[in-house]
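Novice: My questions will all concern the structure given below.
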Amino acid sequence: MEPSDDVAVPGQPMVLDCRVEGTPPVQITWRKNGVELPESTHSTLLANGSLMIRHFRLQRGGSPSDEGDYECVAQNRFGLVVSRKARIQAATMSDFHVHPQAAVGEEGGVARFQCQIHGLPKPLITWEKNRVPIDTDNERYTLLPKGVLQITGLRAEDSGIFHCVASNIASIRISHGARLTVSGSGSGAYKEPAILVGPENLTLTVHQTAVLECVATGNPRPIVSWSRLDGRPIGVEGIQVLGTGNLIISDVTVQHSGVYVCAANRPGTRVRRTAQGRLVVQAPAEFVQHPQSISRPAGTTAMFTCQAQGEPPPHVTWLKNGQVLGPGGHVRLKNNNSTLTISGIGPEDEAIYQCVAENSAGSSQASARLTVLWAEGLPGPPRNVRAVSVSSTEVRVSWSEPLANTREIIGYVLHIRKAADPPELEYQEAVSKSTFQHLVSDLEPSTAYSFYIKAYTPRGASSASVPTLASTLGEAPAPPPLSVRVLGSSSLQLLWEPWPRLAQHEGGFKLFYRPASKTAFTGPILLPGTVSSYNLSQLDPTAVYEVKLLAYNQHGDGNATVRFVSLRGASERTALSPPCDCRKDETTNQTSTTGIVIGIHIGVTCIIFCVLFLLFGQRGRVLLCKDVENQLSPPQGPRSQRDPGILALNGVRWGERGQLGRNEKRVDMKELEQLFPPAGAAGQPDPRPTDGFLLFWLSAPTSAGMNVLGAVGQWPQPPYPTEPECTPTSSPLDGHPLSLPTLLSRVEKEKKKKKALPCSRWERKCLPQGSLALRAVLSLDLPPHPSCPHPPASPTEGRPPRGTLGAYRNINGLGGEKM
């Protein structure tokens, strides 16, 4: 028998029942509000385990109160169990907070009085007329439990003074008097039906009684009816109508919850008035599935299932020998705590486990026992567990085998979790029995981790080793996202996301900037991690600026994000930020993301930039070498005498075929030759620019493997090599005046067909004399067209040639285009 909720009378004794069955000896103790209650002269433990409080106390001044939640605790050699919580409250009675009010009515009409008072237990309400209890057998008098008196069919003798009387075990209270005056009969004129008092919203517990009030007036007297708003029938069992229209529902259940509608109808017509109230019925938690006692071998998994229902839905918690059991280590809680799983059980897990279901209407508990069957010959825990950081994402864990019973070990299981995480986030990795170390990878930098290990045999698992902690090494921050806005002809605004955590690691941001034509940066400008913007002013309106932002911490500087932006135009815009840089170190990744880079002919470059930006948006990335007049030396000697093989293109120089320098990229010389026009006609000045050399490549990868490349070339000072005679070859593009956008649109359609395209990569192309050529070569990773010749010997030898489409655009003098 478990203790139950009760109300005690201050100064009087009370007893809380608790009777336990189990293997003796059984020890009984009590807890109050979760704390063990010591035995004293004020409270005594009876022989049957019940608790007697000799004089129930209320808190007055500094004296303690006996009110609270009480639990009975029983323990024997198998474990410990705790009873449900029993709430004990003192009986009280407040003053009336609503007194009855004087009323006037006509003969044959309706009068209503109401009083309200709070008390524990709930006060019993009765009524007096002229200090005499009213006749409850009079069918014209209706008393409702909530303190309402209704008088129907008023008569002259009903006049008088009415009092409300409230009583419980704590006290008796009498309200102020209210006079009822009954006048002569009305004129008998027609009156619309009206509802004087409608049903209130109620919240009850199952098995209580619901009283839904409805008082209606009118002439002729209206007919009162009830219905549910959801259309479901109210039913007849436990349902009655009290007085002229009050609905009484005895022994309510959860199914009675809903919205109830009171309707007052004029007889013989469709005229009606309605009022509604909501009834909510709560049910205390009760079990539909109890946990069952089980026995399991050591090292295996034990599972308890406990399902409870109630309204509102109950919350389930678990106790182990009377103590709250949370998830962690080898303990898992699933399915809203209804399933308790204990993996790799050991002697320490043998206990009594309780499932406690609780909601606002009450609580319930059920218990089960876990017995661990300990097999002979199980190994002890692994010894000398050590964890050493290897990198920012790796930790090496090593250990020694157990001292005894190692012959049957079939493997080890390493348990891993972040030290700051709850135990339920732990995960495991299996390790071979012959391995006594394990590299744990994919960890987070600068993070502490906890490790322990178990040895497994066919009979079960060993107990866990002593946990050990290790922290991964730190690393420099990642490149911060950076966007640039042009505020005016001489100012820029730099925007990025703040990183407040940098301040916790002695870090922040470093900002550098310079004109693209200069070699030295201005900076670093040191900014805290909470800053998210910075303005640059007094800049050169004609210059292109390179801006570099990086984050740093105690581990050093992270990779930088680089943006290039032109101040020409002075209209607010965001700098293009494709994800690559012609100076990128492909092996060490020293530079992160770059924007556009402007070369020596700014007018040509701006046009190229606009065309490429509109064509490709964010689909591609721009790789452009800037200031190449000072950085790249042109190839020497006649092109007809050069090896049409491989040149090295980088941000410093042209290299001959052979060993590539830092940041270099391999380029097909045969393709490069096609980028440039032939020399001028005999006896005429050469029309080609002679003040530098500019080259860029554009790539736009897609799901089909498309890669668009573009280039602009200017050759060095005369003399120019003699150009061999060039004979045009047929091509599917010959004779078609396609612009670059049209060409790309056509190729996009061809790409969707997923078929082989004509190959022009290795064909000789002739350009109009005296032109500065822009060539776009578009390649798809598709089967080559049968007509595509094999490429010359190059690093691509052995790979199937890819079909390409080529187009030449005349941009000499920024003139019109010609295909």
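Just so it is clear, glycine is given a Cβ too, placed from its N, Cα and C backbone atoms.
Annotations for this protein, taken from TrEMBL, read as follows:
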COMPBIAS  783-794  compositional bias 'Pro residues'
DOMAIN    1-94  domain 'Ig-like'
DOMAIN    107-175  domain 'Ig-like'
DOMAIN    193-276  domain 'Ig-like'
DOMAIN    284-371  domain 'Ig-like'
DOMAIN    381-475  domain 'Fibronectin type-III'
DOMAIN    478-573  domain 'Fibronectin type-III'
REGION    783-819  region 'Disordered'
TRANSMEM  596-616  transmembrane segment
Novice: Could you tell me the mean pLDDT the prediction assigns to the domain 'Ig-like' (193-276)?
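Specialist: In the predicted model, the domain 'Ig-like' (193-276) has a mean pLDDT of 91.
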Novice: Does the domain 'Ig-like' (1-94) come near the domain 'Fibronectin type-III' (381-475), with 3+ Cβ pairs under 8 Å (pairs 6 or more apart)?
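Specialist: Taking Cβ pairs at least 6 residues apart, the domain 'Fibronectin type-III' (381-475) and the domain 'Ig-like' (1-94) are not in contact, as fewer than 3 fall under 8 Å.
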Novice: How does the domain 'Ig-like' (193-276) divide up by DSSP, counting helix, then strand, then coil residues?
Specialist: 3 helix, 44 strand, 37 coil
Novice: Would you list the DSSP helix, strand and coil counts for the residues of the domain 'Ig-like' (1-94)?
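Specialist: Counting residues per DSSP class in the domain 'Ig-like' (1-94), I get 0 helix, 40 strand, 54 coil.
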Novice: Tell me the residue counts in helix, strand and coil for the domain 'Ig-like' (107-175), as DSSP assigns them.
Specialist: 3 helix, 36 strand, 30 coil
Novice: Just give the helix, strand and coil counts over the domain 'Fibronectin type-III' (478-573), going by DSSP.
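Specialist: The breakdown for the domain 'Fibronectin type-III' (478-573) reads 6 helix, 48 strand, 42 coil.
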Novice: How does the domain 'Fibronectin type-III' (381-475) divide up by DSSP, counting helix, then strand, then coil residues?
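Specialist: Split into helix, strand and coil, the domain 'Fibronectin type-III' (381-475) gives 3 helix, 46 strand, 46 coil.
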Novice: Using DSSP, how many residues in the domain 'Ig-like' (284-371) fall into helix, strand and coil?
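Specialist: For the domain 'Ig-like' (284-371), the helix, strand and coil counts are 3 helix, 56 strand, 29 coil.
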